[in-house]
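Here's what TrEMBL has on this protein:
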- 340-350: compositional bias 'Basic and acidic residues' (COMPBIAS)
- 326-350: region 'Disordered' (REGION)
- 22-41: transmembrane segment (TRANSMEM)
- 62-82: transmembrane segment (TRANSMEM)
- 88-114: transmembrane segment (TRANSMEM)
- 121-141: transmembrane segment (TRANSMEM)
- 161-183: transmembrane segment (TRANSMEM)
- 190-217: transmembrane segment (TRANSMEM)
- 223-241: transmembrane segment (TRANSMEM)
- 253-277: transmembrane segment (TRANSMEM)
- 289-306: transmembrane segment (TRANSMEM)
Amino acid sequence: MATSSSSSSTSSWREGMSSDNIKGLCLALSSSFFIGASFIVKKKGLKKAGASGIRAGSGGYSYLYEPLWWVGMITMIVGEIANFAAYAFAPAILVTPLGALSIIISAALAHIILRERLHIFGILGCVLCVVGSTTIVLHAPQEREIESVSEVWDLAMEPAFLFYAALVITATFILIFHFIPLYGQTHIMVYIGVCSLVGSLTVMSVKALGIVIKLTLSGMNQLIYPQTWAFTLVVIVCVLTQMNYLNKALDTFNTAVVSPIYYVMFTTFTIVASVIMFKDWDRQSPTQVITEICGFVTILSGTFLLHKTKDMADGLQPSLSVRLPKHSEEDGFDGGEGIPLRRQEAMRSP
């Protein structure tokens, strides 16, 4: 019986790690490296632009004239292209959680380049992210077999997903027109909430376009279908919205706080959207689903540690000022995340 169970488990793993899943895994990992680095480069560009113009967090767009910001943007685009390709080969429930690696890279580079110190428990958070990601990779479902963009459109038009999309759009408009004017500069969840909600719709549309390109390259032209261009329009609108509000979040709050919170919310909404639209869990046993959830919870635990310990320094308690904006370089005073870190550094200076 034990041998049979072990054989069944090995067979299940092999089925999950199909050739398409492996391609998607490799693309997702490379994407995380580029995206993690882009957060730091863009942040450097935003800080440099803010020193000579109106800050992005205050509604300015002077960063568009800053070459360093464009380097970060190009790096992010390369990562997103790799991510885009990954969705054509593997299910969102496998690709999206691997974004945890970008958090690790972003936190490490922020520690080295931006001097946003990474606490020892932050390192533990990085380890948890890796463990959780590995768990999800080993139990990921096979990609759904789709033969035309019309099939994806039919999935998007089902009542359950239409209801989800309506909720997301309604919540996004409420955040943009009601909460951002009131709390955008003091509550990190407002900007990130918009990015994450819109991002879940972006991923579903990106996955549709990835399938379109994959099928077209295999000889089945999908560019003749109007659904292809409808998905393209959704991607353009959603990506521009995400970029705008992510820039505001990065400029207003600590990078190492923005990255993990954005990851957690974005991944959660994307997995929910994928489960509703592509019915990923319908093709898995309850054990596999529970294991994936455990892996995701492990990643959440890691990102929570990264979030909380960015406000810690040796012998100090976590800061309670996580909701305050960050304007350290301009004011000579840290008004947001990471206050204890920079205050301690100042006290150590001669």
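Cβ atoms here come from the backbone N, Cα and C positions, even for glycine.
Note: TrEMBL annotation is automatic and uncurated.
Small disclaimer: the values here were computed from a predicted structure and weren't measured.
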Quiz item: Are the transmembrane segment (253-277) and the transmembrane segment (22-41) near each other by the rule of at least 3 C-beta pairs under 8 angstroms (pairs 6 or more apart)?
Solution: yes
Quiz item: Do the transmembrane segment (121-141) and the transmembrane segment (289-306) share at least 3 Cβ pairs under 8 Å, sequence separation 6 or more?
Solution: yes
Quiz item: Apart from its near flanks, which chain residues at least 6 from the ends of the transmembrane segment (88-114) lie with a Cβ under 8 angstroms of it?
Solution: 20-21, 23-25, 27-29, 31-33, 35-37, 39-40, 43-44, 79, 122, 126, 129-130, 132-133, 136-137, 140-144, 203-204, 207, 210-211, 213-214, 255-256, 259-260, 263, 266-267, 270-271, 273-275, 278, 280-281, 292, 295-296, 299, 302-303, 306, 310
Quiz prompt | Closest-packing stretch to the transmembrane segment (289-306), where packing means Cβ pairs under 8 Å, from 62-82, 161-183, 253-277 | solution = 253-277
Quiz item: Sequence-remote contacts (6 or more beyond its ends) of the transmembrane segment (253-277), Cβ cut-off under 8 Å?
Solution: 36, 39-40, 43, 91-93, 96-97, 99-100, 102-103, 106-107, 110-111, 114, 116, 118, 122, 125, 155-156, 158, 160-161, 164, 168, 188-189, 192-193, 195-197, 199-201, 203-204, 207, 246, 296, 299-300, 303-304, 306-307, 310, 322, 325-326, 336-338
